[in-house]
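Here is the structure we will look at.
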């Protein structure tokens, strides 16, 4: 019963006593205990290769559906003289028609061997630590002596944690025209929603009371977790809004956008943190895991070592799919979002330039794109008989994996949120020159429609998010909900942003715009990258099966959030702040801004120095060495500044 047999769980996990097995000794015979995790499968397509096992384990762990009864795992203790091949040979006879998908053994004294890649990663981190130490010493010396930094020293200062932490945790309490401050709270809450939603998935397959999910997940309130994928649409929406608003503002001010720097800045902004996390997972990460499920980390290590470039080149949502399961199996599974967002960012000027230079034709084009963003996913869902959205249940006739591959990860099926963001950015851009005036009845109507629309999108899958035996999708629901729910959700967010920005937000604006959101808002990108590996590591270090309960999930999620914040600070100090500081020095036009180098000071350092630590959303844009850096705009300078001093900075998004 402890292993879940009496519950009839689809994924049976019997781990035994991991610690007792490893401590077993027969000193006189020089025999030690070896713990082996044996994975069985009923999948007829399994071909017995280690690569397929690695992919299958990642799929089973992150599957959108809990009904994945293809694999079962048992723990057994054998003498250390026996090999994995001996186990496979003996078990193949004992298990009848089932196949042995893999045997993963470990002893107490066994540890992963260091490779050249591990040493290279340690060397890189050591160099970064040395640069951060040197940058801090130089920073403090220049502050104390009020000395202007020499040219070489200026390239060392961006590595200073002292200044970077000061920017990171700086809070601006002033409100200024053009600042979209409500986006801070919206970004942090969306990131929290992502982490909680992931937490409900990760160790679910290791729950002995898995069958009780029927009771735990049928409530209407649970749809907030079951439909947590809408949190990524919130980030798509924010991305579209900021790109639209920034590009339109710059074209109005200067008449042009440097399209080369539009793309270059994007790569500089996003790629270094992804590369560092990917390299860490492909090297040192495996040293952190131990226990019956530690071989999952080995699977991650194998994938990250060979497929790291999927995430760095932003192509994982097209290439990183297991051919058998259709599930994404790249190193950073969550980076399908950064890939899809980048792909939409690449083509955004095709809509934004007509909107800026010929508003009538631009709006007509945007109407067409908006219609297409609803029709395309609806058509794909209908033709393939996919579920209307991401659901947590379903029988063998529900193709959740196909939905993930052809709908969930594809930019043309997720662009409705981005397009709504472009509309919202355009509306805010227009109201800057002509104040938006709404009557009390219009305000009440707007909030009412937005609230009910958001609830319809969030709760609309209630009847499908059940762990039922049989499923039959209503074609009308497939088409309407499948094509419209993400756009409707983001249209509700658009009302919240526009209303808050234009003075009709009330207590909602007070909450979302509170200054305390600002530090975490700056860290959301780094949090997004590190949270998933941290949650998976906690799962992989389980020494026994667990019981599913809401209290445990929330406690684990809160712990994951706290640890992710700490890890995000370290990642930002290592791979984000220094790179962006160097970018500013390299692309600064001589003669703009400061005429002569000045010593660093707390007051100066709260300005526009670093993209990663930008504070408030603003309409201001600027140039660096004649090149426009367009995406979203953030400003932390507490003093008004001239256009020559203003800089375009990218907003953290996920």
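Residue positions begin at 1 at the first shown residue.
Every residue, even glycine, has its Cβ placed from backbone N, Cα and C.
Mean model confidence of the domain 'Nose resistant-to-fluoxetine protein N-terminal' (14-89) amounts to 70 (pLDDT, 0 to 100 scale). Annotated domain 'Nose resistant-to-fluoxetine protein N-terminal' per TrEMBL: 14-89, in sequence order.
Residues annotated as transmembrane segment in TrEMBL: 119-142 (among others).
Sequence annotations record features per position, and here TrEMBL assigns transmembrane segment to 178-200 (among others). Beyond the transmembrane segment (178-200), the same-chain residues lying 6 or more positions past its ends with a Cβ under 8 Å from any Cβ of the stretch are 225, 228-229, 231-232, 234-235, 238, 241, 245, 428, 432, 493, 496-497, 500-501, 505, 508-509, 511-514, 517-518, 520-521, 524, 527-528, 531-532, 535, 553-554, 556-557, 560-561, 564, 616-620, 635, 651-654.
According to TrEMBL, the domain 'Acyltransferase 3' annotation covers 182-572.
Annotated transmembrane segment per TrEMBL: 220-247 (among others), in sequence order.
Here TrEMBL flags 267-289 (among others) as transmembrane segment.
Marked as transmembrane segment by TrEMBL: 364-383 (among others).
According to TrEMBL, the transmembrane segment annotation covers 409-429 (among others).
TrEMBL lists 441-464 (among others) with the feature transmembrane segment.
The annotation transmembrane segment is assigned in TrEMBL to 484-504 (among others). A Cβ distance under 8 Å defines the sequence-distant neighbours of the transmembrane segment (484-504), meaning residues of its chain 6+ beyond its ends; these are 180, 182-183, 186, 230, 233-234, 236-237, 241, 370, 373-374, 377-378, 388-389, 414, 416-417, 419-421, 423-424, 427-428, 431, 435-436, 438, 443, 446-447, 449-451, 453-454, 456-458, 460, 512-513.
Residues or ranges marked as transmembrane segment in TrEMBL: 525-542 (among others).
Per TrEMBL, the feature transmembrane segment maps to 554-582 (among others).
What TrEMBL records for 591-617 (among others) is region 'Disordered'.
The compositional bias 'Basic and acidic residues' annotation in TrEMBL covers 591-609 (among others).
The region 'Disordered' annotation in TrEMBL covers 631-654 (among others).
Taken from TrEMBL, the feature compositional bias 'Basic and acidic residues' covers 636-654 (among others).
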Contact ranking winner - 267-289, 364-383, 525-542 against the transmembrane segment (409-429), Cβ under 8 Å: 364-383
